[in-house]
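Taken from TrEMBL, the feature transmembrane segment covers 20-37, 57-75, 87-111, 132-151, 163-181, 193-212, 243-262, 283-308, 328-349, 383-408, 443-460, 516-539 (among others).
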Amino acid sequence: MSTRFDDLDPADRFTDLDQLVFAAMLLGSVFIGIFVAMGEAHQSHSDYLMGSHSLNCWPVAFSLAASFTSALTMLENPAEVYRFGSTAGLIGIAYCIMVVISAEVFLPIYYRLDIGSTYEYLQLRYNKYIRMLGTVMFMIITIIYTGIVLFSPSHALNKVTGVQLWESIISTAVICTFYCTVGGLKAVVWTDVFQFTLMICALLAVLIRALIIKGGIGPIIDDAVDGGRITKWDFDPNPLRRHTFWTVVVGGTFNWLSIYGTNHCQVQRYLACRSQREAKKSLYITLVGLCLILCSSIGCGFAMYSIYKDCDPWTAGFVSAPDQIMPYFVMDILGDFPGLPGLFVAGTFSGTLSTLSSSINALAVVTVEDLIKPNFKVSETNLAWISVGTKVLYGSVCLSMAGVASVMSSFLQAAFSLFGIVGGPLLGIFLLGILMPFANSKGAFSGLLCGFIIVLWIGFGSRRHPAPPHRTLPLPLSVRNCTKYNTTQLTTTLHPTTSARPGKKDYWWFSLSYLYFNPLGTLITFTVGSIMSLVTGGLDQHVESKLMYGKEDIMANFRYWKNKWVQLSNRLRPTVQPVACGQLPSTTGAVEDTLPLEDNRERKSTLLSEGGKSTQLLEGKSNLLLEPKSTQLLEGKSNLLLEPKSNLVLKGKSNQILKGKSGLLLEGKSNQLLKGKSGLLQKHLK
């Protein structure tokens, strides 16, 4: 299929209705922020920054899924699949591993300590200097990463709508800073829910339209297989390969674990839940949202290749960068439907707004909790104003960092490299403190310093000495059916060469896959930190058990799931117990005649009364003497005629035949089998 607007500027197809949809998204985000601010009275800066610790799992789950599902996912994931194939989809396995570790290891410790900032743990486990170092590293990585995701969707606007690059960047930053400052964390979470919905709708609109064009999913899959986009998993353990099963799964697990386990942008959300159980639910629900977005973006990548397999717009020069292929594709297939291109642009910017608001709020939290409160005596009123002021400040700082991001060639790869260089060593000192009881501050500092320096050296070296072409070039792309070329932007990807660089030394250690930066930093930090802790007397210290992940945490999970299994088994398994022979007749018809149907199914209990006191013969939900379906004498939680733990006819002072809540046949004071107006059992036996 050739592109359908070779002579038409794609921006000309972006109608007023599309602009209205995009504007509605921005105004909707602002409205949510104002609405939350009007309905919420913040009593303290903690309520403002942490949502009063009153959120339930569902909005938090959507917020967790949206905050790091930025415009990078909307633009670069489909382009990644289009150029390199489906190997990137293996990140879904990493999502599963990451969520389990975050929910079962990190989250219980944070809730047990009742911390206000993730890096408060570092002071409790090591000392205040390690906490300060971790906070500064987090602030650096967050500001730089936010600059990347703030700049990237502007490519979509610049190509699709013709809006000036910096106008879109500034408007996004201003709107996000406004609603984040006005409404606090609750506004951030609820706007994330709105923005997550828009992202899903945008991706599904593109995917559904592509399915209609190709006549179903079958042709798309066939084209992906024929073009090498869907192949068998590559289990090559070589860490120098860009994407294999091991680099994506192992590297992706460490990268996302450093985000969801130790990065306060994510941790602040599940710490804002009203209970630990709600927080854990939110993480597992997040997994569904992450996989939904991943599958949708990968499907768009396959559809894009199926339509452009014979006329690649990047090779033909119609777009100047790979991250512009997706918005070009959107205008190509949705340009005839006014409003849908605007929906996609709105969804793309929703990812940016979500990430930016999360970063601004997290930076404000760590500034107040880690830098100001431990070092200065400030009143609650002043802390509230400082919280507001820091959000405005960090909104401006992140905006300025977008200019730095404009010189990066690959946003997705740069983002993961960044998290590897800084996030890996940070993850290493958290794991060291959580798992190793002998870890001390000297070991943590030594490991953090070594891990950061080594990975930083490799990261910068990989930019100066790129990996050999045969490890990084995309799969073949064709232009044989293109009707026209843009010769001013024509790229050289049509016939890539795979030969090694002649006359140059191959610095293979700089060719490490960017996904391995994080595992390498974590491993170096953990190993060096363990050795130095042992050397510097770590075995002589005593560490409180609440700071560690140990046997109690494992057993707590075991007991919880054991109880769930027992409850499920009790529901599925019949609770019929044998009745002694001769006690009651085997037929139930007479009893059913004696007890009306409405008494059997609607009344809560049949009472045996004496002198105003009532002795219940049957108590439970259905109060059947003998139920046809199960032939149970008593039905309820434990009101059985013969109960295993109390299989006695006469027991103690009260001579109970039936032991439950109140189902007594013989009571100490009256010793009557059946007495009163409702002696139905006696009548039946006669």
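Even glycines carry a Cβ here, placed using N, Cα and C.
The transmembrane segment (243-262) makes contact with the transmembrane segment (516-539): 3 or more of their CB pairs lie within 8 A, with pairs spaced 6 or more apart in sequence. Listed by sequence, the residues of this chain that lie at least six past the ends of the transmembrane segment (163-181) yet keep a Cβ under 8 A from its Cβ atoms are 26, 29-30, 32-34, 150-151, 153-154, 157, 187-188, 191, 349, 352-353, 356-357, 360-361, 388, 391-392, 395-396, 398-399, 402.
Note on the transmembrane segment (57-75): residues 148-149, 152-153, 155-156, 188-190, 192-193, 195-197, 199, 202-203, 259-260, 265-266, 269-270, 272-273, 278-279, 281-283, 285-286, 288-290, 293-294, 297, 323, 326-327, 347-352, 354-355, 357-358, 411-412, 415 of its chain, located 6 or more positions outside it, place their CB under 8 angstroms from a CB of the stretch. Sequence-distant residue pairs (6 or more apart) of the transmembrane segment (328-349) and the transmembrane segment (383-408) include fewer than 3 whose Cβ atoms are under 8 Å, leaving the two stretches without contact. Counting C-beta pairs under 8 angstroms (sequence separation of 6 or more), the transmembrane segment (87-111) fails to reach the transmembrane segment (193-212), with fewer than 3 such pairs.
Beyond its flanks by at least six residues, the transmembrane segment (516-539) meets 239, 247, 250-251, 254-255, 258, 416-417, 419-421, 423-425, 427-429, 431-432, 436, 438-440, 442-444, 446-448, 450-452, 454-455, 458-459 of its own chain at Cβ-Cβ distances under 8 Å. For the transmembrane segment (283-308), the list of distant contacts is 1, 3, 57-58, 61-62, 64-66, 69, 73-74, 77-82, 86, 88-89, 91-92, 95-96, 99, 102-103, 107, 196, 199-200, 203-204, 206-207, 210-211, 213-214, 219-221, 223-224, 227, 229-230, 260, 270, 325-326, 329, 332-333: same-chain residues at least six beyond its ends, Cβ to Cβ under 8 Å.
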